[in-house]
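Novice: Take this structure first; my questions come after.
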Amino acid sequence: MKSLIFKTASSYLLPLLLLFSIFILLRGHYLPGGGFVGGLMASIAFLIHSFAFGLKETQSIIKINPGYLMPIGLAFAVGAAIAPFFVDAPLLKGLWFEEPFRFIGMVGSALIFDIGVYLVVIGATLTIIFSITDTV
Amino acid sequence: MLVAVVLGFIFALLVPFFSRFTKRAISLVYPLIPLFLFLYFLGFLEKIKSEGQILFHYNWVPSLGIDLSFRLDGLSLLFALMITGIGTLVFAYTANYLKGHQYLDRFYGYLSMFMASMLGVVLSDNLMSMFIFWELTSISSYFLIGFNNDDPASRKSALTALSITGFGGLVMLSGIILLQVVGGSYSFTELLNSSEIIKNSNSYGWIIALMFVGAFTKSAQFPFHFWLPGAMKAPTPVSTYLHSATMVKAGIYLLARFTPLLGDTIWWNSTLVTVGAITMVYAAIHSVFRVDLKGILAYSTISALGILVFLIGIGTEKSLLAAGIFILAHALYKAALFLITGIIDHETGSRDVSKLAGLQKVMMPVAIAGFLAALSSAGLPFLLGFISKEVMYEATLQLGNWALILTALAVLTKILLLVAGFWAGIKPFTGNLPSEFNKAHMPSPLLWVPPLLLGFLSLGFGMFPFFIQESLIQPVFSSISGSDTTIELKLWHGFNLVLLLSVLTLVSGGLLYFFLKPSKALIEKTFKFEVISPQNIIENGSNLFGSFARFWTRFFQNGYLRNYVITILAFLTLLMAYRLFGEVNIYIDWEQISTVSYYEAIVVLMMIISIIFAISTNSRTTAIVALGVVGFANCLFFIFYSAPDLAMTQFSIDTLTVLLFMLVLVKLPKNKSFSSKGMKFRDAFLSLTFGVLIAILTLEVFEEPSSSEVSKYFADNAYLLAKGRNVVNVILVDYRGFDTMIETVVLVIAAAGVFSLMKLDLNPSKKDL
Amino acid sequence: MEILLVVIIGFLHAGGLYMLLRRSMFKMIIGLILLGNGANLLIFLLGRLVKGNPPVIEDGLKVFTDIYADPVPQALVLTAIVIGFGLQSFAIILIKRVYNVLNTDDLDELNSTDEEI
C-alpha cells in the first residue's frame with residue numbers, strides 16, 4: 001500500500017472526503033444523507049489515509065483520541081434532546097431558529113442531534129478500526 | 001391494625017442491627033413485642049362480642065384488586081390471641097433456651113417474621129394478601145426448621161417442609177384465582193354474599209379440591225403429613241410455636257373460615273370427614289409407636305389436626321363448636337407439652353421416653369405443668385380438654401347412620417392420644433430418677449413459667465368455662481358456623497352416653513398406659529411398612545422427576561452452539577410449517593408485481609452466485625469478496641427502489657466490513673472442513689426448509705394492505721411539523737429520536753467492547769514479569 | 001421483480017443459517033452477515049417497491065404530491081445496518097482474539113476452556 005499514487009491521492013482525498021461528509025451531514029434533513037452516512041464517510045476517509053501513511057500519521061492528524069468523540073457526540077445528542085425542557089416543551093421536541101443561516105440553511109435541535117450522531121459514529125468506527133490495526 | 005401486622009416484619013428487619021450494639025442482654029426485652037400485640041388484640045374482645053366483626057382497609061395494588069384489608073372477627077381474634085400469646089411465652093422461653101447461641105438475634109428475626117406473617121394470614125380479608133402471608137409463613141418456617149444449618153438432616157427436613165407447604169400454597173393460589181373468577185372478588189367479605197353462586201357453579205368441585213390441597217399440606221393431613229415429624233428437627237421453641245400451636249393450624253383456619261362460604265355440601269363434608277378420620281387414626285397409632293418425645297408429640301399433633309378437620313367436616317353446629325373449643329384446648333396443652341419436652345431435653349440431654357423418669361424430684365413446677373397438660377389432653381374433668389371432648393362426642397353421636405362408626409373412631413383416637421399425652425407429660429415425672437440424669441437440675445424460671453402458665457390456663461378455662469364462653473368461644477362459633485345460636489359450655493351434663501364414653505376413654509387409655517411400655521422394638525416393627533408410606537412414594541417421585549430434569553437439561557444444554565441453533569430453528573420451522581401449510585392460501589396479485597428489467601435480473605443473478613460462492617468456498621478471501629458483492633448488490637436494490645439513504649449507508653458499511661475482515665483475518669489459519677457429509681446434508685436440508693418458509697412468509701405478508709397510517713402521518717407532517725424534507729432522516733432525528741439516541745449508545749458499547757477486547761491482556765504470564 | 005427478491009431473501013436466510021451451523025467461527029460470522037442482509041431486505045420489501053420516488057419532499061412543496069416509497073421500513077433498515085455493523089465488528093474481533101489466545105477456529109474446542117484463560 002505504499003505506492004506513490006495512492007499516497008498522493010489520499011493526502012488530497014482526506015480533506016475532500018471530510019468536507020463531503022460534512023456536506024452530507026448538513027443536507028440530511030432535506031436530501032438523502034445525515035449523521036450516520038456522514039460519520040461513516042468521514043471514518044472511511046481516515047481509514048484510507050491510515051492505509052496510505054500508517055496509523056501513527058493518521059492519529060497525529062486527528063490529534064485527539066477518537067474515543068473521546070463518542071462522549072462528545074453523546075453529549076450533543078442528549079443536549080439536543082433535553083434542550084426543549086428549558087422552554088417547557090417535551091423531550092426531543094424540535095426547536096428551530098426563525099431565520100435560515102447562510103450556507104447551512106435552517107438550524108434546529110434536530111441538526112444538533114444529527115451532529116451528535118455523526119460524532120458518535122466517527123468515534124465508534126475509528127475506535128474499532130484503530131484498536132484492530134494497532135494490535136495486528 | 002396495619003402497624004400491628006407489620007410490626008413483626010419491622011422488628012425482624014431491625015434485630016440484626018440492634019443486637020450488634022446491645023449485646024445479648026436485650027433478648028429479655030424481645031418478648032415485650034408479642035406481649036404488646038397480645039394486649040392490643042385483647043382490647044378488641046369486648047368490641048368483637050358486640051359487633052361481630054371489624055374491617056380495616058388500606059390500598060395496596062388497587063389496579064389488580066389486591067389491597068390490604070383486615071377483618072377481625074371471632075375466629076381471627078382467637079387465632080391472633082393464640083399467635084401473640086403463645087408467641088410471648090415462646091419468645092421469653094427462647095431467651096433462656098438458646099442463651100448465648102451465636103445466631104440468637106437471627107432466630108428472633110425469623111420468629112417475629114413468622115409471627116407477623118401468621119397474623120397476616122388470619123387477619124387478611126383479601127384472599128390474595130392472605131396467600132402472600134401464607135407463603136411467608138412457609139418461608140419463615142423453612143428458615144426456622146433449618147436453623148441448625150450445619151446439620152444435613154435439618155436442611156433436608158426444612159426443604160421437605162418448604163416444598164410440601166409451598167406446593168400446597170401454589171395449588172391454593174389457583175383455587176383463590178378460580179374463586180375470584182366465579183365469585184367476582186378477592187375480598188372474603190364480598191365473596192360471602194355470592195356463596196350460593198359459587199356452590200352452584202361448575203367450578204365448585206375444582207375450587208374446593210384446590211383449597212383442600214392448600215389446607216391439607218399446611219395442616220399436615222394424610223397423605224401430606226410427613227413433613228411435620230421431620231420439621232421437629234427445629235429447636236423446640238419453633239416446634240412449640242409453629243408446628244403445634246399456630247402455623248399448622250393455618251390450614252384449619254382456612255377450612256373454618258371457608259365453611260360459611262363453601263361448606264355444607266356433600267363433597268365438602270365427606271372429603272373432610274374421610275381425610276380427617278384417616279389422619280387422626282393413622283397418626284394416633286403412629287404416636288404410640290415412638291420413643292422420641294418430639295416424635296410422639298409430632299404425631300399426636302397430626303392426629304389432633306385430623307380431629308379438627310374431621311370436626312369441621314361433620315359440619316353440624318355442635319361439631320363446629322367442638323372444633324372451636326378444641327383449637328384453643330389443643331394449643332394450650334400441646335404447646336405446654338412441647339415446652340416441657342424442650343426443658344427435659346435441655347436439662348437431661350435426652351428425649352427418649354423409655355429412659356426418662358423421676359424428674360419431678362428436681363423440677364417440680366415443670367412436673368405440675370406436665371401433669372396439667374397431659375390431663376387436659378386426656379380430657380379429664382375440670383380441664384379444658386374435657387369440655388372439648390364432651391362436645392366432640394355429642395357432635396359425633398348426633399349423626400344418625402354414621403354415628404356409631406364415627407364415634408368409635410373418635411374414641412379410639414382419643415384413647416391413643418391419651419396414652420401419647422401421658423407419655424409426654426406424666427411418664428418423665430414419675431418413678432425413680434435414673435442415675436444417668438443425676439446432673440439435671442431446676443431450670444431457669446424463663447423456661448418453666450411458660451408451660452406452667454399454659455397448664456393453669458387449661459385448668460382455669462376448664463373449671464370456669466363461662467369465663468371464655470361469651471367473650472371468646474361464642475364469636476368464634478358464630479364466625480365459623482355463620483349462625484347465631486347461643487352456646488353454653490358446661491362441665492356437668494348429667495349421666496348420659498357421652499359421660500359413659502368419656503369414662504370408657506379414660507379407663508381404657510389409663511389401662512393402655514400402664515400395660516404398653518414405650519420401646520424401640522415397637523418402632524422397628526413399623527419400619528417394615530416404610531416402603532408404602534406416603535413419604536417414600538412422594539420422595540421417590542421427586543427423585544425421578546429430578547433425574548428426568550437432569551436428562552432433559554443435558555440433552556438440550558449440551559454445550560454446542562450449533563445444536564442450540566438447530567433445536568431452536570427446527571422447532572421454529574416446524575411451527576411455521578404447520579401454520580403456513582395448515583391454514584394459509586397464497587395468492588399473488590400479478591397486477592401489482594412490477595416487471596423485471598434486464599439490469600435487475602443481472603443484479604439478482606450476481607447476488608445468487610455470490611451467495612453460493614460465499615457458502616461453498618474454502619478460501620477466506622473469496623468468501624469475504626463474495627460477501628462484499630452481496631452487500632453491494634443489496635445496495636443496488638436500495639438504489640433501484642427509491643432508498644438513497646439506505647444505499648449510501650449500506651455502501652459505507654459494506655466497505656468498512658470488508659476492510660475490517662481483511663485486516664483481521666489475514667493472520668488466521670487456513671479453513672479446515674470439520675463436518676462430515678451427513679452433517680452437511682442435514683444442515684443443508686434444515687437451512688433450505690427454513691429459507692423456503694421465510695420466502696413463503698414474505699409472500700404471505702404481501703397480502704396485507706401496503707399503506708400504513710404511521711408512514712402516512714410521518715410523510716404528511718415531515719415538513720409541516722419537523723421542517724425537514726427527507727422523511728427518513730426526519731424519522732431518525734425527530735419522530736423516533738429517542739430510538740436513535742439509544743442506538744448510538746449501543747454503537748458506543750460495541751466500540752468499548754472491541755477496545756477492551758483488543759487491549760485486554762489475556763496472557764497471565766506477562767504479569768509476572 | 002418482487003418474486004425474485006423473495007427468492008433472494010429465502011436464499012440469504014438459508015445460506016446464513018447453513019453457515020451459522022458450521023463449526024468454524026469464521027463461517028459463523030459469514031452466516032451472521034448473510035442473515036442480517038436477508039433480514040434487512042425482508043423489512044425493506046415489506047414497504048413495497050416503488051421506483052424512482054424516494055421519500056423526499058420536493059423543493060418548494062410542503063407535502064408529497066406524487067407517490068413515494070414508504071419511509072418507515074427505510075428508517076428501520078438504516079438503523080439495523082448500523083447496529084449490524086457494531087455487532088459484526090465485535091464478532092470479528094472476538095474470533096481474532098479467541099484465535100490469538102487459543103490458537104483455534106473450531107467452536108467445539110471452546111467448550112472446556114474456562115480455566116485456561
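Residue numbers in this text run from 1 along the chain shown.
Glycine too: its Cβ is placed from the backbone N, Cα and C atoms.
Quick caveat, the model's predicted, so the values are computed rather than measured.
Pulled from TrEMBL, these are the listed features:
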{"type": "TRANSMEM", "residues": "B:29-45", "note": "transmembrane segment"}
{"type": "DOMAIN", "residues": "B:63-108", "note": "domain 'NADH-Ubiquinone oxidoreductase (complex I) chain 5 N-terminal'"}
{"type": "TRANSMEM", "residues": "B:76-95", "note": "transmembrane segment"}
{"type": "DOMAIN", "residues": "B:124-409", "note": "domain 'NADH:quinone oxidoreductase/Mrp antiporter transmembrane'"}
{"type": "TRANSMEM", "residues": "B:203-228", "note": "transmembrane segment"}
{"type": "TRANSMEM", "residues": "B:296-314", "note": "transmembrane segment"}
{"type": "TRANSMEM", "residues": "B:399-425", "note": "transmembrane segment"}
{"type": "TRANSMEM", "residues": "B:446-468", "note": "transmembrane segment"}
{"type": "TRANSMEM", "residues": "B:497-516", "note": "transmembrane segment"}
{"type": "TRANSMEM", "residues": "B:560-581", "note": "transmembrane segment"}
{"type": "TRANSMEM", "residues": "B:596-615", "note": "transmembrane segment"}
{"type": "DOMAIN", "residues": "B:605-670", "note": "domain 'MrpA C-terminal/MbhD'"}
{"type": "TRANSMEM", "residues": "B:622-641", "note": "transmembrane segment"}
{"type": "DOMAIN", "residues": "B:681-759", "note": "domain 'MrpA C-terminal/MbhE'"}
{"type": "TRANSMEM", "residues": "B:685-702", "note": "transmembrane segment"}
{"type": "TRANSMEM", "residues": "B:741-760", "note": "transmembrane segment"}
Novice: Provide the three-state DSSP residue tally for the domain 'NADH-Ubiquinone oxidoreductase (complex I) chain 5 N-terminal' (B:63-108): helix first, then strand, then coil.
Specialist: 31 helix, 8 strand, 7 coil
Novice: Can you give me the average pLDDT across the domain 'NADH-Ubiquinone oxidoreductase (complex I) chain 5 N-terminal' (B:63-108), rounded to a whole number?
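Specialist: Value for the domain 'NADH-Ubiquinone oxidoreductase (complex I) chain 5 N-terminal' (B:63-108), mean pLDDT as a whole number: 82.
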Novice: Cβ under 8 Å, sequence separation of at least 6 from the ends of the transmembrane segment (B:596-615): give me the contacting residues as numbers and ranges.
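Specialist: Contacts of the transmembrane segment (B:596-615) (Cβ under 8 Å, skipping residues fewer than 6 from its ends): 622-623, 626-627, 629-630, 633-634, 636-637, 640.
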Novice: Below 8 angstroms Cβ to Cβ, which residues of this chain, lying six or more residues outside the transmembrane segment (B:29-45), approach it?
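Specialist: Result: 4, 7-8, 11, 54, 72, 77, 80-81, 84-85, 87-89, 91-92, 95, 108, 112, 115, 119, 471-472.
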Novice: Pull the DSSP breakdown for the domain 'MrpA C-terminal/MbhE' (B:681-759) and write it out as helix, strand, coil residue counts.
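Specialist: In the domain 'MrpA C-terminal/MbhE' (B:681-759), the DSSP-based counts are 67 helix, 1 strand, 11 coil.
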Novice: Can you break down the domain 'MrpA C-terminal/MbhD' (B:605-670) into helix, strand and coil residue counts using DSSP?
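Specialist: Each residue of the domain 'MrpA C-terminal/MbhD' (B:605-670) counted once, the result is 55 helix, 0 strand, 11 coil.
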